[in-house]
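Read the structure below first, then the notes.
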Amino acid sequence: MEVQERANTGRVYSLSSGPSIPEWLGERARRNLSKRDIKIRRRIELLQDLSMPVASTRLAASPNGKYLLAAGTYAPRIRCYELEELGMKFERYVDGDVTDMTFLSEDYGKFVLLRSDRTIDFHAPYGYHTSIRLPTFGRALAYEPTTCELLVAAGGNKGRNVSGSSGGEVYRINLDEGRFATPYAYNSSADEAVGGNCIAVSPSHALTALGCEDGLVRFWDNRLPYNDTSNLSPLVSLDVTSAASSSLDKNKNVISNLFGNQQNQVTSLAFDSSGMKIVAGTSNGCVSLYDMRSSQPLFTKEHRYGLPIHTVQFHKGRGSGNLSILSGDSKVVQIWRAESSSSFSSSPETEGSNKFSLGSTISTIEAEADMTHFLTIGDASDPQGQSSGLILCAGEQQKIQSYYSPALGPAPKWCSHLDNITEELEEKDIKRRRRGTRSSDVDGYLEENEVAENEEDGVYDDYKFVTRSEVESLGMQNLVGTPLLRGYMHGFFVDASLYSRVKAVANPFEYDDYRKKKLREKLEAKRASRIAPKSASTKKKKDAAPKALVNTDFATRLEGRKGAQSKSGKIAKKMLEDSRFGDLFTNKDFEIDEDDFQFKLRNPSGVAKPKEGDDDDEDEPKRDNRGEDMDSDQEDDDGSDGEVEGFSKVNVEEEEEGWGNERGDGEVEGFSKVNVEEEEEGWGN
């Protein structure tokens, strides 16, 4: 469990943090693993197997508050959890990805799934019941209990709605008669196909709201009779995006639209329990709260990420006057205040200046992975979770993320132990602060500064994922089909310890390569610590060629050397004046890369050593520590006889007679002349 600290709103507890356990492990193996791994032993598991093999896409709570339905992949499936029993009730596979789902009864006896392949599945307690096909792809579901109709928001089709014009439709399936009813139709002002992204039904009166791609929210009254053709057209429309833009401009709270010229869309809708307020989320991360009696928003807020708002929800909280709004994108879940406190009078001038004002931020929940949907989960006394502080999030990871925020409300009855845990943790934190110690995590449940690392590519901590080619390279083909290799997608899972042993046998020289690599790194680090000679003096940099845009140090050295009468000076002058070398100092493609391996190989100290003759005074020859002349060009010009100390000059004409340091009689100093005739008698020295 991790803790997210918030400045003014308390803590948010991430209950789903920690390593994942493979689902094929038995109960005994799980217990043994928890004994060895402290991270697994300290984690909190709300529900048994509250996860999916790859990712979860959608969540739904039953109307009686006793069951939770989750959809995920891969393969596409649904899982039903019984909350009071803290475990999974059943699991069913489906033929396509689940786009949306809703309950038709109080429990799991009847529920419906909207699949991504234009199919609607109906399920009963015994399993799959029947399915129907839609004319176009559906995007969202809603159940209207007063008319016993299932409403489906679908994509728009140009010239295919009921009126024959461009726009879209809302499909109506009469569950009492078991047939399609005449769909709701709407037209677009731009003569384009406009689809519906989200749909919501008011819990207090039969009013249906549809969020569309053109930024409008269209309303229908379901109480009108079927034979009334005017009921097929929207009763009224609400322009959400225009009102939101004007509100943001007024409050000087505008950010750039990350979607460019793409039209702003309504992506999520929700009614409150009274039916007098509605909240809408848009595709550019804006959230607007409306009173049903006005076309102007009460407030408009932004998520600052520019990502579409996939879910919005009202939350009553503890007591009256604590109505809040939860809105989520793929990164965060923001909690806004939907009512101002009685002790603070809200006005347009003071809005947002107090933490109890309308539209102020209550809390923020940062997701561990990209989220696709969330909901507040309750119990039998609170089926919709209107006073619960527990939030479940479906996202792009195996676990279904769970967060507990005491600022929202208490934990549901089926997990009331969360309140005891959090209170104990807060007491320990208060004692720690009194002692003057500081800890980022909770003592007794979390290690010091310990954050569970996310598994790379969905691989478990104790298991290594290998592809089929890696299995062949390691010589483990004979283990395919045994419990030691668990098939998973395009490869296998193998125990980490077994993988290490097999790899050590398959690559016996891997350790030697590792030692060489470490030795090479140490040598490079040692070379980098050497003191590098100065590349050029400050005086020469000032005198460098003004046209040199790249390789300025090289140009400086050539500029200082071109005045010399030596051979190197002539070459330097030729390089500076020849047009063929012009790009060497102006084109960045010819710039010397000092980080290149070849450059470092030839210059281990990091900077090329200046060549001889690169001094401020070109006329004065270089001399070593003994004061002797070290300029090779100067040696050619002076009039010395060419004799070197310790040696005498060799006469080419007398080469056959000797080396030139012989005695007059032909004997070498230190040796006597050998008589060939007396070779058998001795050496002669």
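Yeah, the Cβs are placed from backbone N, Cα and C, and that goes for glycine too.
Note: TrEMBL annotation is automatic and uncurated.
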Candidate ranges 310-333, 430-453 [criterion: TrEMBL lists as region 'Disordered']: 430-453
Candidate ranges 239-260, 525-546, 547-568, 569-590 [criterion: TrEMBL lists as region 'Disordered']: 525-546
Per-region confidence, the repeat 'WD' (259-300) (mean pLDDT, whole number): 86
